[in-house]
Each structure stands twice: as structure tokens, then as C-alpha cells.
Amino acid sequence: QWDPMITTLPGLYLVSVGAVKPAAWLFGWTGSMVCSAAMLRFINLLFSAGNFYLLYLLLSKIHQKNKAVSGFQRILSTLTLAMFPTLYFFTFLYYTDPGSVFFTLFAYLMCLYGNHKTSALLGFCGFMFRQTNIVWTVFCAGNVVAEKLNEAWKTELQKKKDEKISSRKGSFSDLIRILQFLIEYVMSPKNLVSLTALTWPYIILVTVFFVFIFINGGIVVGDRSSHEACLHFPQLFYFLSFTVFFSFPHLLTPTKIKKKSLQKHPVQYSLIAVISLFLIWKFTYVHKYLLGDNRHYTFYVWRKVFQRHELVKYALVPVYIFAGWSFADTLKSKSIFWILMYFICLLAVTVPQKLLEFRYFILPFLIYRLNIPFLSLYRQLLELAFYIVVNAVTFYLFLNRTFQWPNSDEIQRFMW
């Protein structure tokens, strides 16, 4: 039976049938056992094990040139990411998140190894779990494009013998030169043909996605009234705050806090502050679920922080600016083209969402974390310990602090 309120495609349910039907036939299990909550949740435990292995392979691939990182540190970092609280909690429930993460990370890994047809196929599987995962298919294609752009940019610099310009510098003049280079590169038919030849599997999948949008009349299936797209720009600020909270060993180091970057560029940061205030003023949306469902952490974050006073959302702008600067600073080892591709995908996956929901931040967070440099062993252990504490508190609240709504006899539980 299909509940008309379900808004995602049936990827999780198809995988479940594909896993439990053969098991039922092999072991002679009855229908009540096969379709029990425990058996269905077990599917996500399988995905979770797969995610652990994929995270390890991705860390090894992305940081393969970093010989200073020990095998133990790689495993420790993998364990930390596998225990990332928002994802870890839903591993034990029948939600789409573990499977969605599995196929997206698998597609990303295949992309890094140059298996683009396999990557696009896995991207389709991820799309069947959650429609917004099409953004990460675009990200995989963007990885290929960013690599080619970076190679061409380096060649351009060698031709001009201008060592002062770098694809990793942040000055305004460098940015103008890079934009000019991008326009010239894209205007070349030869370059476009070359990029199309490399990314055609992703182009086909994105085309299929747009056909789906046309036939379906939108990205959402099921209950569309509660999932309307809008330009909710503060979602980016919420994501940056969320990332600072869960990556504080990376983002809140004494060196970063002491840096005078904000003081060195007062005009740029003042302009960013004004733009941020405007975006918060004009584009803040509050979803009915956020205000009406007191089972979720976001309800209490909104009530305890944002609803204290009308000016709180504006007063947090300095926090958002620091979070954004620190976030960008940790990505400085990546090329400007990679950062641009990631940022575009980050905007595409967060801004259209009206509902503030921490689960929507899982994939952009993991991809960010996979691509930033390794920490010292002490800071890695601190991050892992923090995740364990957050998970323990969340599970304690979920299991032991149950409550009931006045108009319902069902037991309610606190959760992400």
C-alpha cells in the first residue's frame, strides 16, 4: 500500500523488497516476520556498514597524496564520520537517509575513479531515494569540469608567466581574471565538446530528471502542499552554523580565531553583512511543521533562539559571517573551481527548502568534511568524543523521555 503523504520515490522500499523477499524464500519466514519493523530497520544497518566502507575509501582517495596521515587516523576519521549524529540516529529507524547517503557517496567515489557511467547509474539510485540527490549528480559532473578548468587555468598562468595570480588566492583582481577565463573557456566550442564527452552520463541523468519534473508537475510526489520550493536564503546560514557546531575542532581552532582576516577587509565584510541582513529580512520563511511538531530538535532551536526576539535573527549575522569565513578557510586546499562547483550545489540543495530540517544537511556536510585536511590526533579524538556524547543524549531522550499529545494516544519521542 502507498501512503499518499510520502513525498519521496520508492527507492528504499524497492531495495527492502529486493532484500527481504529472497531471505523469506530462503529461510521460510512468514509475512509478519519479513515485514516487521526490526527487519525493515535492518536494511538501514546494511546501508550503514556500506557507508562506513565508502567513507574510508573516499578519505583514502581524496587524501591519497597526504602521506603524513597514518592508517589509524584514516580509520578514526572514518569512524567519526560514520557516527555523525544526524545520520547515525536514522540508521536505526526506517528512513531514507542511510540509503540516500550510500548511493550518493558510492556515485562520488566512482566519479573520483573516473567510472562516470557507473557513477551516473548510482546517482539514479540515489535519486530514487530522494529527488534532491540529483544535485549531487551535478556535483559529480562538476568535479570533472573543475578538474579540467584547473588544468587549463594552470596552463594559462604558465603562458602568461604571471606567478602572482593563483587559483587559490582570494583577491578581487584574481577573481575578475578567473571569471574572464571561465567565460572564454565556456565560449569555446572545442572545450564544450570535450566537457560533454566526459560528462555525458550525468547529462543524460539530469535530462531524465527534467523529464520527470515535466511529467510529474514538480519535484515532489505525494503531499506537495507541505513541500513547496521557495528562495529561503537563510538556510545557507543555518547550514553554516550547523557545520560549525559539528566541526568545531576544525573550525574553532585558536589560530582561526586569532586571524585578523575580518579586520583586514572591513569593506568586503560590511557589504556581506548588509547583504545577509537583507536576505534574512526578505527571505526568512517559517514552515508550519517547524512551529507545530515538538518532537524535533529544530522546534526547540527555533523557539529558544529565534523566537526570543524579532531582532535575534539579525543579531546572529556576525556568527554567520565568521562561520562562512571559517568554512571557506578550511577548503583553501581545493581549487577555486571545485569550491565554486560545491558552493553552487550547496545553494541548490539548501536554499529551495522551506522547512528547516537537519537531515537535509547530512550530504553537504559529509562531502565538505571528506574534502578538508586531517586534524591532529588529539582533535580527531575530541570530535569523535563529541559525536558519541551527542548520540548518547539523543538516544536517551528518544528512548526514555517519551510524551503524549493531548489529541492522541500514541507515544511521541524526541528526535532529530
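In case you wondered, yes, glycine gets a Cβ from its N, Cα and C as well.
Please treat TrEMBL annotations as automatic predictions, because they have not gone through curation.
Annotation source TrEMBL lists transmembrane segment at 12-32 (among others).
For 38-59 (among others), the entry in TrEMBL reads transmembrane segment.
Distant neighbours of the transmembrane segment (71-95): 12, 37, 40-41, 43-45, 47-48, 51-52, 55-56, 59-60, 63, 101, 246, 358-359, 361-362, 365-366, 369-370, 374, 377, 380-381, 383-384, 387-388, 390-391, 394-395, 398, 415-416; these residues of the same chain sit at least 6 beyond its ends, with a Cβ under 8 Å from one of its Cβ atoms. According to TrEMBL, the transmembrane segment annotation covers 71-95 (among others).
As annotated by TrEMBL, transmembrane segment applies to 101-129 (among others).
TrEMBL lists 200-222 (among others) with the feature transmembrane segment.
Outside the transmembrane segment (229-248), and at least 6 residues removed from its termini, the chain residues within Cβ reach (under 8 Å) are 84-85, 218-219, 276, 279-280, 283-285, 313, 316, 319-320, 323-324, 326-327, 330, 346-347, 350-354, 356, 358, 361, 364-365, 368-369, 383, 386-387. If you look up TrEMBL, you'll see 229-248 (among others) marked as transmembrane segment.
Same-chain residues lying 6+ beyond the ends of the transmembrane segment (268-290) with a Cβ under 8 Å from its Cβ atoms: 226, 230-234, 237, 262, 298-299, 302, 313-314, 317-318, 320-321, 324, 354-356. Residues annotated as transmembrane segment in TrEMBL: 268-290 (among others).
Here TrEMBL flags 311-328 (among others) as transmembrane segment.
Feature annotation from TrEMBL assigns transmembrane segment to 334-351 (among others). Remote same-chain partners of the transmembrane segment (334-351), defined as residues 6 or more beyond its termini with a Cβ less than 8 Å from a stretch Cβ, comprise 132, 135-136, 138-139, 142-143, 145-146, 149-150, 153, 167-168, 178, 231-233, 235-236, 238-239, 328, 360-361, 363-364, 367-368, 371.
Annotation source TrEMBL lists transmembrane segment at 384-403 (among others). Taking Cβ pairs closer than 8 Å, the transmembrane segment (384-403) reaches residues 76, 79-80, 83-85, 88-89, 246, 248-249, 411-416 in its own chain, all 6 or more past its ends.
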Problem set entry | Residue numbers, six or more beyond the limits of the transmembrane segment (38-59), whose CB comes under 8 Å of its CB atoms | 12, 15-16, 19-20, 74-75, 77-79, 81-82, 87-88, 90-95, 98-99, 101-102, 105-106, 108-109, 112, 366, 370
